[in-house]
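Read the structure below first, then the notes.
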Amino acid sequence: MYPAHLLVLLAVCISLLGASAIPPLPLNLVQFTYLIQCANKGSRASYHYADYGCYCGAGGSGTPVDELDRCCKVHDDCYGEAEKMGCYPKLTMYNYYCGTEGPYCNTKTDCQRYVCACDLQAAKCFARSPYNNKNYNIDTSKRCK
């Protein structure tokens, strides 16, 4: 084998090892990002909502900092209710469509309907709520009490 081939093979192996250490996104999160993009007609990337205020992103505590952050708290609460119903909202896949009037759900099971409704409500709330750049990546230990 040629030295150049060995280098390429080594590089591929190393990159695969690095990729295996990246945890996968919850299945539903991918669908939720598409609902957000459909609802806001692509005006803001979904990742802007991942670390916003006290509730947008992982966890949440305290008083929401604004209307958009309240959307995230309502979404968190909705997922909590889904869990009480025996659903797994972060893993529940559902059918949805992005029409000219925005996104809508088209699902079969109770859990799919409930989780899709949670995500749809949040996506529409995000689309109508102002985004304040000052509330992105805030110090939650100080502002979320």
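Glycine residues also receive a Cβ, built from the backbone N, Cα and C atoms like all the rest.
Between C78 and the candidates C111, C116, C118, Swiss-Prot annotates a single disulfide bond, the one to C118. When the candidates D76, D77 are compared with the Ca(2+) site entry in Swiss-Prot, which names Y55, G57, G59, the shared residue is D76. C71 is paired in Swiss-Prot with C125, the candidate among C13, C125, C144 named as its disulfide partner.
Within 10 Å of the Cα of C78 (disulfide bond), not one of the binding-site residues from the list Y55, G57, G59 places its own Cα.
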